[in-house]
Amino acid sequence: MFHPDRDEVAHYYRFQELKLGRRYQRGDTPASGPTGEAIGYDADGVHPMRPNPRLTDHPEGHPIRVAQEEFNHTYCAVLHLLEQAFNGSPRMLAVATGTMYALKAQATALMQMPEDDGRTAGPTFDYVAPSSRRWAVGETQRVAVLPNGPYVVYGRVPLRRKLKIVSENNDSLTWQSGLEIETEDTYALCRCGQSGSKPFCDGTHAVVGFDGKEASLMPPYRELQHVHDAVDISAQRVGELCIHAAFCIGRTRPIAKMLADTGDSDVRSDVMGRIDHCPSGSYSYALSRGGESIEPDLPRAISVLEEEDGQASALWITGGLPVHRADGQSLETRNRVTLCRCGHSANKPLCDGTHREIKFSEQ
């Protein structure tokens with residue numbers, strides 16, 4: 001009945017305390033009931049909730065039903081995360097705990113929504129089948145963005161660190177792979193930027209009230225690209241994807257100015273190499289306008305990026321690993337994608353380089 005080390009009762013008995021209005025104390029038994037101090041409450045803080053609310057109480061699209069459906073998705077997310085935690089991924093317990101805070105906030109909001117009979121709405125606790133959940137099902141290997149929470153990575157996707165190698169003048173040169181980071185089959189990566197165990201999530205997002213609202217879904221790359229034709233190469237760029245890793249700038253001139261000289265194969269090779277190092281895929285290239293883009297051969301993996309002077313950077317998603325947004329939509333699957341992990345990008349879940357402005361650090 002009691003925790004072996006703390007004066008805490010099991011879940012069921014906590015409900016009994018609330019029902020009977022009194023705390024259990026050492027020596028109490030299930031038969032005796034609670035004999036400890038009385039439980040006080042603020043009558044003004046009690047909501048006259050309609051008993052046993054159901055989704056069918058309101059038509060589809062009604063604000064209360066929409067809120068109840070959101071609650072049910074979060075409720076089943078908690079169940080899913082707990083299942084992951086108790087089936088080989090114990091670190092997911094912190095993520096489940098954080099999601100419980102979100103569940104509490106949704107329940108409180110529901111109980112403040114007035115019904116027509118003078119009472120208030122409440123949660124229905126309907127089960128959402130896995131096939132209908134927004135992010136708990138999908139490809140074996142995938143990244144799922146939790147609402148106002150972390151990135152949950154499924155399928156034992158390799159995780160490693162990558163360090164940007166720069167010149168004595170901090171010119172971007174290449175990426176150096178570090179050792180692989182040990183993970184569980186399913187793991188969660190911090191998105192709020194405030195975890196005490198980066199790059200992993202420790203549930204801090206729930207404590208600090210992280211706002212992870214996502215930007216509007218971007219159109220496909222080909223619809224946004226600006227094409228710059230040159231000799232035997234056609235460079236394509238989508239500025240909205242840029243994270244300012246600066247491989248396109250160079251010491252003396254940027255790619256945009258180098259394109260005029262790609263008749264020289266050395267210059268053309270240099271342009272191709274710089275584009276291959278662009279982590280976000282903002283830059284890409286083909287051999288001719290409209291041709292198939294030539295991409296570097298990258299593994300399906302996630303890299304935790306560090307730039308010059310210890311600057312903590314984005315999460316680099318490579319190899320066409322699918323990313324599913326918290327709103328149920330999917331990012332365009334590309335060979336190179338960079339996700340925000342500082343919590344301040346205006347283009348969430350994508351990185352927009354804000355980590356440089358705020359001097360984001362893992363410390």
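Every residue gets a Cβ built from N, Cα and C, even glycine.
Just so it is clear, the model here is predicted, and its values are computed rather than measured.
Residues or ranges marked as region 'Disordered' in TrEMBL: 24-47. Residues 1-2, 7, 9, 13, 16-18, 111-112, 120, 122 of the same chain lie 6 or more positions beyond the ends of the region 'Disordered' (24-47) yet place their CB under 8 Å from a CB of it.
Only residues 6 or more beyond the boundaries of the domain 'Iron-binding zinc finger CDGSH type' (176-211), in the same chain, are considered here, and those with a CB under 8 A from a CB of the stretch are 84, 88-92, 94-95, 97-102, 145-146, 148-165, 302-304, 312, 315, 339-344, 349, 360, 362. Feature annotation from TrEMBL assigns domain 'Iron-binding zinc finger CDGSH type' to 176-211 (among others).
Summarising model confidence by region, the domain 'Iron-binding zinc finger CDGSH type' (324-361) averages a pLDDT of 97. TrEMBL lists 324-361 (among others) with the feature domain 'Iron-binding zinc finger CDGSH type'.
The DSSP breakdown of the region 'Disordered' (24-47), given as helix, strand and coil counts, is 3 helix, 1 strand, 20 coil.
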